[in-house]
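The domain 'EamA' annotation in TrEMBL covers 11-142, 164-293. Taken from TrEMBL, the feature transmembrane segment applies to 12-30, 42-60, 72-92, 98-119, 126-146, 166-184, 196-214, 226-243, 255-274, 280-298.
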Amino acid sequence: GTKKKAACPGLGLFYTILSAFLFSVASLFLKKIEDIHSVEVSAFRCVFQMAFVLPGLIYYKTGFLGPKGKRIFLFFRGFLGSTAMVLLYYAYQVMPLADATVITFTSPVFTSLLAWIFLKEKYSLWDLLFTLFAITGVVLIARPPFLFGSRVTGLEGSYSDHLKGTVAAIASTLSAASTIVILRKVGKSVHYFLSIWYYAVIGLIGCVIALFVLNEWRLPHCGKDRVFLILIGLLGLGGQIFLTKALQIEKAGPVSIMKTMDVVFAFILQVLFLNHLPTWWTVGGALCVVASSSGTAIRKWRHSVKKAKQREI
């Protein structure tokens, strides 16, 4: 319910920056792993999530299935959330780190659109403008040949891989936006730990089935990749914890704006550790996407503040 007062000013925003940094470093380690499918990495991440959530479920006595009327929503939250993770990890592996990170920041824009369609929330001309900005940013990053010509520069591998990564990142963003809409639909009737539990369990089951179908299950060949797998799980878990703590003591609007540091860290890590300079097209696309996501966050923030004042009156 109520937001707790921060022990010191800016603590919530500091937690947000720390969360963004941990997520970005986890993405960097994912790029460094060799010959391990994104589905297998996702399976390891789900195992870490389950190990973290299980004690919480026992402590809060939430049960493992949740309320009967909410189980179908929790199932789709888990399925779409884990799908978003697998697709995002695949995008990180086949395209530049900064490009994939920028595309994920279109999530708030698509969340507003899906909430308008399924939850009948207000969708204004400003929201439409931010959606167009986000689409423009994605086009600048994808750089389809029919608009930019056949010679596309600044890619890590082939344009085919770049296009597959772009499609995967967009699909991941839409899946993530869908999970947020589902969580809004469920409201506060389901404990946060239970939501993560469904995410981890369904994700692990789906990943194991996919690995057997694809015949991609293999242990890392070297100790370095095994360490990277463990660190990806720990860093992803840490990033989720600090983001949750930030939202507990700070308003969602400032947290959403500060979370754009993900993009900054992605550009820095890509240049320092992957020796891949972003193109001006990527920078332009990043500016469009960050502007659209920040604008959406600011509008939602102002709207929530206005509603709070009206309730007080």
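Quick reminder: no glycine exception, Cβ is built from N, Cα and C everywhere.
Just so you know, TrEMBL annotations are computer predictions that nobody has curated.
Pairs of Cβ atoms less than 8 Å apart link the transmembrane segment (226-243) most often to 12-30, out of 12-30, 42-60, 72-92, 98-119, 126-146. Here the domain 'EamA' (11-142) has, by DSSP, the following mix of helix, strand and coil residues: 110 helix, 0 strand, 22 coil. The DSSP breakdown of the domain 'EamA' (164-293), given as helix, strand and coil counts, is 110 helix, 0 strand, 20 coil.
At the 8 Å Cβ cutoff, the transmembrane segment (280-298) and the transmembrane segment (12-30) share fewer than 3 close pairs (sequence separation 6 or more) and do not count as touching. Just going by CB pairs under 8 A, the stretch in 42-60, 98-119, 126-146, 166-184 that sits most against the transmembrane segment (12-30) is 98-119.
Of the ranges 42-60, 72-92, 98-119, 166-184, 196-214, the one with the most Cβ pairs under 8 Å to the transmembrane segment (126-146) is 98-119. Highlighted: of the candidate stretches 42-60, 72-92, 98-119, 166-184, 255-274, 42-60 has the greatest count of Cβ pairs under 8 Å to the transmembrane segment (196-214).
For the transmembrane segment (42-60), same-chain residues at least 6 beyond its ends with a Cβ under 8 Å from one of its own Cβ atoms are 82, 85-86, 89, 191, 193-194, 196-197, 199-201, 203-204, 207-208, 211, 229-230, 232-234, 236-237. Counting same-chain residues at least six beyond the ends of the transmembrane segment (72-92), those with a Cβ under 8 angstroms from any Cβ of the stretch are 27, 30-31, 38-39, 41-42, 45-46, 66, 100, 103-104, 164-166, 168-169, 171-173, 175-176, 178-179, 182-183, 185-186, 190, 194-195, 198-203, 206-207, 210. Long-range contacts of the transmembrane segment (255-274) within its own chain (CB-CB distance under 8 A, at least 6 residues past either end) are made by residues 12-13, 16-17, 19-21, 23-25, 27-28, 31, 96-98, 101-102, 104-105, 108, 243, 246-247, 286, 289-290, 293-294, 296-298, 300-301. For the domain 'EamA' (11-142), the predicted model reports an average pLDDT of 86.
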